[in-house]
């Protein structure tokens, strides 16, 4: 990550996914599409159903059912008709509700934009759709992305799926992209887009157990992202694994003529490869071990450090001396830019407009008072205070100078004498707090605590990624604060089985690899019967053609037999002729039986119940029985003629 856009170093950073060995979900979904185990339409329907089932978590504020179904139909056409598959065809996504989406409400979770429906798409969204993605819905956030818990939304707070047990106290999802993180962690979508100003993608990713990426500033277009802090805002990516997140990044990155802040160089897609860690230098910044960091987080940090060291990575202690002031600098710059960006919401051009129109000043005041919540208003007030003429140099300019020093700290560790390739730090200072504990603190204190380790990367403009390592503070299921009764039956069975096995082995945490493998095994068993039926449906057309061919053969045979019967009926009874006819009949019946057996063998191999066999095959079976009856009739006729002949000969001898 030396320089603003060092693809190779970013590649190194992304590949440090030591615990995520599962197959890439997007690739597995595409494989299922090709094998016709799933189709884009059926998968999108499943995700929409999941979104409705998990509505109590409040991750999705607008379900875009019609849009998703239309996009899935287009993906299915490309898969099975046009044979022109795009990277994200049939892959479900959620978009944070501060990205503009044409003809779809974009509210920023605020009364101010509650009825706002954009007439254009954000570049990130348009790129995803052009690559085949299917939009499940818009995800919840803190109002105008000002928060670190996704609790300050007009739609209500988003609840973390981990530890949620109904109406009692639950854990926060992190913020401000908490809705996107919960949507991914619960399987509502494969990947989601958030925004990251000071850690708003990585923070909820860490608390919800998914991967969160903050790209380099300018790598991904901000056009259509309703701004919070223009100099720090970056569209972020949330997914279940690094591979899927990288696939999405490759789709949305690159220059954009609609955004002057994007890097103008062509983007070279990132390719994930195996890395020889003995050539990788990893820095551990001493300043990130701060007051308030929980023992579990410190132990996990040490666990990853030991893990990398065992793989022969070069571990170094480095210093970022201005880290201690970074949160204060971030807060000042954040509030100054918020005050500037929020000035456009004046109740005149767009957004909420109250009826207090007897004076312009009253219209401004009432619209902004009713349209913004306390958090937004307090940041506007603070920002305007810092930007006053008497305070401008004291606060704003000084914060800009300190921001440059913070950025220089990163340049020094990446380019200095004892340079390193990447930094290893925690994402949050603790695991997901309980909602009651979190809201008891002021928003300023919440963000100062939650964003301590994340916001320096935004001020420096460098990329960062949060990777789930293990579930913190979990020796057995009871310490997860999970009520199994509220989880789906399959999830209950899976978690209980994994927990039981790991307790028996003396393992003190739920291993993501074990969960993934156990889940794959369970899914494999559950799909076995459905897969056989699907195979039958896929081969039905081919088998039906063969059955129709046999039916035509049978019809021809019937006509030939009818012709033979008619011919024989005109002849005098001659046992020799009849025996010859019977012989021919036996040959034809034997030939037909062989054809019939070949057709039925194809179905028997599929283990298909008789109730789903095609009617044409049952008709063949009935016709075969009819042919056998005709054979019996001819044999009886031959016996009668022979008996008549013998009787005639005996009568002649007596004469």
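From the backbone N, Cα and C atoms, a Cβ is placed for every residue, glycine too.
TrEMBL lists 45-472 with the feature domain 'Amidase'. Feature annotation from TrEMBL assigns active site, charge relay system to 96, 176. The active site, acyl-ester intermediate feature in TrEMBL is assigned to 200. Residues or ranges marked as coiled coil by TrEMBL: 517-602.
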Residue pair residue 176 (active site, charge relay system), residue 200 (active site, acyl-ester intermediate) - Cα distance, angstrom, rounded:
5
Taking the Cβ of residue 176 (active site, charge relay system) as the centre, count every other Cβ atom within 10 Å, in any protein chain shown.
36
Measure from the CA atom of residue 96 (active site, charge relay system) to the CA atom of residue 200 (active site, acyl-ester intermediate) and give the result in Å, rounded to a whole number.
11
If you count the C-beta atoms lying within 10 Å of each candidate's C-beta, which of the active-site residues 96, 200 ends up with the smallest number?
96
So what pLDDT does the coiled coil (517-602) average out to?
66
